[in-house]
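Got a structure for you, questions after.
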């Protein structure tokens, strides 16, 4: 392929542009996944206690893939500008490996969206919240994490339980085993607080008087951020894969026309 041909130059420009987009997407993917694994909403203890934190695994893969895509886009641009078959061959091999990792990340993140159900967090809350009799240290660690996370959620976001305060009444729980029903119909964090973070009217809260306890559940506050992150990791990654596929296809065609 003659390198001074204007058509070839135009095609090279398109491929370089395609790789620039891949590099920018790689940086964006890395930033998105770093934001996710930094756990801005402090919800990781709830996932850890389910023994299924694959969505975080998908995000860590996304960080690796994003960095690799940026580096490989630079390699691809150099190979295209120099019309080097060896550089482009290395680009293809490495890109296919990274592509496979990103496919795995997208599939993992997409399938996790159906995992965040109300029953999952309800069962976990009932079993682990204020459970002081775990079978081992690992469960104690998880119970403490779940308890602290729920205390913060209910106090900070003015909610109570997964579906509402009735969760603490309708179901058997470790909390109910540890506390008297009359004194603790639900955790103190479910009460409306004053500026000192003390119940505004404890007796009214215990009796369930409207305005003195929170009757909204916390499920949306838990599943919302998790689903958004899972959606972002999965579908932004999928969009990158689609774009990369066509850039790779065009680069392979260009590589096949380079003279030895």
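Positions of Cβ are set from backbone N, Cα and C atoms, glycine also.
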With the ranges 16-36, 37-57 to choose from, which does Swiss-Prot describe as transmembrane segment?
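Comparing 16-36, 37-57 with Swiss-Prot, transmembrane segment matches 16-36.
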Match it up for me: which of 209-229, 230-250 does Swiss-Prot list as transmembrane segment?
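The range carrying the transmembrane segment annotation in Swiss-Prot is 230-250.
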Confirm whether, per Swiss-Prot, residue 200 lies on the same side of the membrane as residue 8.
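Different domain labels for residue 8 and residue 200.
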Should anything in the same chain at least six residues away from the transmembrane segment (16-36) have a Cβ under 8 Å from its Cβ atoms, list it; otherwise answer none.
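Sequence-remote neighbours of the transmembrane segment (16-36) are 56, 59-60, 62-63, 65-70, 72-74, 76-77, 80-81, 229, 232-233, 236-237, 239-240, 243-244, 246-247, 250-251.
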What residues in the same chain, six or more past the boundaries of the topological domain 'Extracellular' (37-60), come closer than 8 Å to it by Cβ-Cβ distance?
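Residues 104-106, 108-109, 112, 115, 120-121, 124, 128, 142-143, 145-146, 148-149, 152, 222, 225-226, 229-230, 233-234 contact the topological domain 'Extracellular' (37-60) from elsewhere in the chain.
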Looking only at residues six or more beyond either end of the topological domain 'Cytoplasmic' (251-260), which have a C-beta under 8 A from one in the stretch?
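Hits for the topological domain 'Cytoplasmic' (251-260): 1, 11-12, 15, 18, 76, 80, 83-85, 88-89, 91-92.
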